[in-house]
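Peer 1: I have a structure I would like to understand better, so I am pasting it below and will then ask my questions one at a time.
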Amino acid sequence: MEDTYNNRTSLVKGAKDIVKEAKRHAAKKVNKAVDRATDEYSSHRNYSRFQDEEDEDEDFYRNPPRQDGEGYRDNEEGSSDATEGHDDEDEIYEGEYQGIPSAGDKKHKEGQVALGQPMSDATRDRNELEQERQAEEEELAQQYELIIQECGHGRFQWQLFLVLGLALMSDGVEVFVVGFVLPSAETDMCVPNSSSGWLGSVVYLGMMVGAFFWGGMSDKLGRRQCLLICMSTNGFFAFLSSFVQGYGLFLLCRLFAGFGIGGAVPIVFSFFAEVLSREKRGEHLSWLCMFWMIGEIYASAMAWAIIPHYGWSFSMGSAYQFHSWRVFVVVCALPCVCAVVALTFMPESPRFFLEVGKHDEAWMILKQIHDTNMRARGQPEKVFTVNRIKTPRQLDELVEMESESGNPVSKAFYRMKAEIHAIYLNLLKCFNYPMKENMTRLAIVWFTLSFGYYGLSVWFPDVIKHLQADEYASKVKIHNNEQIEGFTFNFTLENQIHRNGLFINDQFINMKLKSVTFVDSTFRNCYFDDVTSVGSLFRNCTFIDTVFFNTDIDETKLIDGTEVINSTFTHNKTGCQMTFDDDYSAYWVYFINFLGTLAVLPGNIVSALLMDKIGRLSMLGGSMVLSGISCFFLWFGTSESMMIFMLCLYNGLSISAWNSLDVVTTESFPTVRRGTGFGFCNALCKLAAVLGNLIFGSLVGITKAIPILLASSVLVGGGLVGLRLPDTRANVLM
C-alpha cells in the first residue's frame with residue numbers, strides 16, 4: 001500500500017509537470033483580439049478565465065489523491081510508462097543540497113530534470129524564461145484592460161490629469177523661460193558676446209541628460225517616485241538661480257534645473273496612459289498635451305507683465321542686484337512647486353506595481369480608483385469584483401555590488417553605475433527585434449520634428465528683431481559739425497549719431513543715452529552727473545578737463561582711439577545697466593510669443609477631438625507635411641505683420657504632430673521599457689533643439705533660403721517616415 005501511494009504521488013507530480021508544460025505552450029497563443037475579451041467581460045463580468053489557470057495547479061495540493069483510489073482515476077490503469085520503476089530514494093527535491101556535480105554527471109544530466117520534479121528557473125535557459133515572461137505580460141495586458149474598464153473613467157483620472165498637467169506645464173515654462181530671460185540675464189551679468197548663448201545650450205543639455213536618466217529610472221523605481229524627485233530638483237535649482245549673481249553659478253543652477261525637468265515628459269505620459277482604457281487613451285493624452293501650451297502661455301504672459309518693468313527690482317549696494325527678470329524666474333518656478341505638493345497625494349501607477357510583482361499594492365490602488373469613480377457617480381455600493389491579477393514572472397538581475405567595508409561615496413558611485421548600466425541594457429532591448437525598426441523610425445520622427453520646430457522657433461523671433469533693428473536704424477537722426485556751449489542736457493537722447501561735434505562747458509545731468517554714438521567729437525570742460533548709457537559709444541572722441549560723477553561710462557564705451565586728458569572719474573556705477581523704460585521692442589517681442597502660443601490652442605482642440613477618429617499616424621504625418629509646406633510662404637515675409645502671421649500658422653499646424661507623436665510613443669513600448677524608450681526619444685528631441693538653435697540662429701540676417709529649405713525638407717521627410725509607423729490605436733498597454 002505504501003509503494004502504491006508513493007507511485008501515485010510521483011504520478012501526481014509528473015502530471016503537474018505536464019500541466020505546466022501545456023500551460024506554457026498555451027500562454028504563447030494568448031494574443032487574442034481584445035475585442036473578444038471585452039465581449040466576454042461585458043457578458044459575464046468576471047475574471048475566471050485568468051484565475052482558473054492559476055488555481056488549476058493548486059488543486060493538486062488542496063485535494064490530494066486518496067489512498068483508496070477514488071480521488072484520482074488513472075486512464076492508464078494506475079501507472080504510466082514514464083513513472084514506472086521510479087524510486088522514491090532517487091527523487092531530488094528543490095532546494096536540497098546535492099553537492100558539486102562531477103564532469104560525467106554534468107554531461108549526463110545537462111538539459112535534463114528528474115521525472116515528476118518541477119523544472120527550477122536556475123536550470124532554465126534565460127531566453128526561455130524571458131519568452132514566458134513576455135507571454136505572461138501579454139496576458140496581463142488583456143486582463144488589465146478589462147480591470148481599467150471596470151474601474152471606469154471618472155474623478156480619479158481627472159485628479160491625476162490636473163496633477164500631471166502641472167508637471168507638464170513646468171516643462172513648457174522651462175523651455176520658454178530661457179529665451180525670455182536670456183537677453184536680460186546676459187546684460188545684467190555683463191556677459192560678453194563671446195559667451196552669449198551658452199544659457200540656452202546648457203539648459204537643453206541638462207534636459208537631454210535628464211530625459212534619458214529619469215525616463216529609465218522610472219522603469220526601475222516607479223513613475224510617481226521619480227517624478228517627485230525630478231520635479232523637486234527642478235524647483236529647487238530654478239528658485240536658487242534667481243538669487244545667484246555670477247553668470248557661472250547661474251549656468252550651473254539652470255543646468256541642474258534642466259536635468260530635473262527633463263524627466264517630466266516621458267514620466268507624465270507613461271504614468272497617465274497606465275490608468276486609461278484603450279478607448280480613452282488617445283483623446284485624453286491629447287488633452288494632457290494642452291498643459292504644455294498652457295505653460296507657454298504662462299511664461300509669455302509673465303514675461304510680458306514682469307520683465308519690462310525695471311522698477312520691480314531692488315539692490316543691496318552695488319554687489320547684489322535683484323532685477324525684474326529674477327522676479328520672473330521665481331514666478332516661473334511656482335507651477336513646479338504646486339506639482340510637487342499635489343503629487344504627494346497621488347498613488348503610484350498600478351500597472352508599474354504589477355510589472356514588478358507587487359500584486360497587493362497594485363490591487364489596493366485599482367480598488368481606490370474604482371471606489372473613487374463609483375462614489376463620484378453616486379454608486380458607492382458597487383463592489384470591486386477583481387480578486388486576483390496576473391503578475392509576470394520576475395527575473396533576477398545580476399548587479400555588481402560594492403563590499404560592505406566601502407565608504408558611502410563609493411557605495412553610491414557603484415549603485416549609480418549599476419543603475420545607469422541597467423538603463424543602458426533596457427534601452428538596448430528597445431532596439432532588438434521586433435521593436436528595432438519601429439524604434440528607428442520613432443527616433444527619426446522625433447529628431448526631425450524637434451529640429452524643425454525649435455530651429456524655426458529661434459529663427460522667427462530673431463528675424464522679427466532683425467526687421468525691427470533695420471527699421472530702428474532707418475530712423476536714426478544724424479547731427480554733423482554741431483557746436484553747443486553752456487547747455488544743460490537733462491533729457492533722454494535716443495537713436496542719434498553726432499559727428500565732428502564740439503561741446504564746451506556743457507552739463508549732462510540725470511539723463512539717459514540710448515543708442516547714441518559720438519564720432520570724432522570733442523568735450524571740453526563738461527560735467528557728466530548720473531548718466532546712464534545703454535548701447536551708446538564714443539568713437540575717436542577727446543575729453544579735456546571733464547568730470548564724470550556717478551556714470552556708467554568707462555573704457556568699454558570709449559573706443560577707437562578716444563583720448564581722456566586731465567579728466568576724472570568718481571563713483572562710477574558698477575555692473576551692467578539695464579533699462580526697459582519706454583522699451584517698445586521688449587513688450588513687442590513678448591507679445592509676439594504670446595500670440596504664437598495662443599495660435600496653438602485650435603490645433604490642440606482639433607487633435608484631441610480627432611485623435612481616435614482619423615488615427616494617430618494620419619495626424620502625425622499630415623501635420624508635419626503641412627508644417628513643412630507652410631515654411632515656403634516665408635519667402636513672402638518681408639514685414640513684421642507677415643512674419644507674425646506665418647509664426648501663428650506654423651505653430652497651429654505643428655502642434656497636432658507633437659500631440660500625436662506623444663501618443664504613438666507612449667503606446668509603442670511595453671511597460672517595462674516605456675519610460676526608457678520615451679526618455680531616449682525625448683533626449684533626441686533636446687539634442688535636435690540645440691542643433692536647431694545653433695544652425696538657424698547663425699543664419700539670421702544672412703539668408704532666408706537655407707533656413708526655409710532646411711526646415712521644409714526635414715519636416716516633410718520626417719512626416720513621410722511617421723506615416724510608416726505601426727498604428728497603435730487598437731493596442732492594449734503591454
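Here the Cβ of each residue, glycine as well, is placed from N, Cα and C on the backbone.
TrEMBL lists these features:
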- 32-43: compositional bias 'Basic and acidic residues' (COMPBIAS)
- 65-76: compositional bias 'Basic and acidic residues' (COMPBIAS)
- 122-134: compositional bias 'Basic and acidic residues' (COMPBIAS)
- 160-729: domain 'Major facilitator superfamily (MFS) profile' (DOMAIN)
- 23-136: region 'Disordered' (REGION)
- 160-183: transmembrane segment (TRANSMEM)
- 195-214: transmembrane segment (TRANSMEM)
- 226-243: transmembrane segment (TRANSMEM)
- 249-273: transmembrane segment (TRANSMEM)
- 285-307: transmembrane segment (TRANSMEM)
- 327-346: transmembrane segment (TRANSMEM)
- 442-460: transmembrane segment (TRANSMEM)
- 587-610: transmembrane segment (TRANSMEM)
- 617-636: transmembrane segment (TRANSMEM)
- 642-664: transmembrane segment (TRANSMEM)
- 676-699: transmembrane segment (TRANSMEM)
- 705-725: transmembrane segment (TRANSMEM)
Peer 1: Test of understanding: applying the rule of at least three C-beta pairs under 8 Å (pairs 6 or more apart in sequence), is the transmembrane segment (676-699) touching the transmembrane segment (642-664)?
Peer 2: no
Peer 1: Which listed range (160-183, 226-243, 249-273, 676-699, 705-725) shows the maximal number of Cβ pairs under 8 Å with respect to the transmembrane segment (327-346)?
Peer 2: 160-183
Peer 1: If we call contact 3 or more Cβ pairs under 8 Å (sequence gap 6 or more), are the transmembrane segment (249-273) and the transmembrane segment (160-183) touching?
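Peer 2: Between the transmembrane segment (249-273) and the transmembrane segment (160-183), contact is present.
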Peer 1: Between 442-460, 587-610, 676-699, 705-725, who has the most Cβ pairs under 8 Å to the transmembrane segment (285-307)?
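Peer 2: Top-ranked stretch among 442-460, 587-610, 676-699, 705-725: 587-610.
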Peer 1: Decide whether the stretches the transmembrane segment (617-636) and the transmembrane segment (705-725) have at least 3 CB pairs under 8 angstroms, with pairs required to be 6 or more apart in sequence.
Peer 2: yes
Peer 1: Mind checking which residues of the chain, 6+ beyond the ends of the transmembrane segment (587-610), have their Cβ under 8 Å from one of its Cβ atoms?
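Peer 2: For the transmembrane segment (587-610), the far contacts come to 176, 179-180, 283, 286-287, 289-290, 293, 296-297, 300-301, 303-304, 307-308, 460-461, 464-465, 468, 619, 623, 644, 647-649, 651-656, 659-660.
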Peer 1: Can you give me the average pLDDT across the domain 'Major facilitator superfamily (MFS) profile' (160-729), rounded to a whole number?
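Peer 2: When the pLDDT values over the domain 'Major facilitator superfamily (MFS) profile' (160-729) are averaged, the result is 83.
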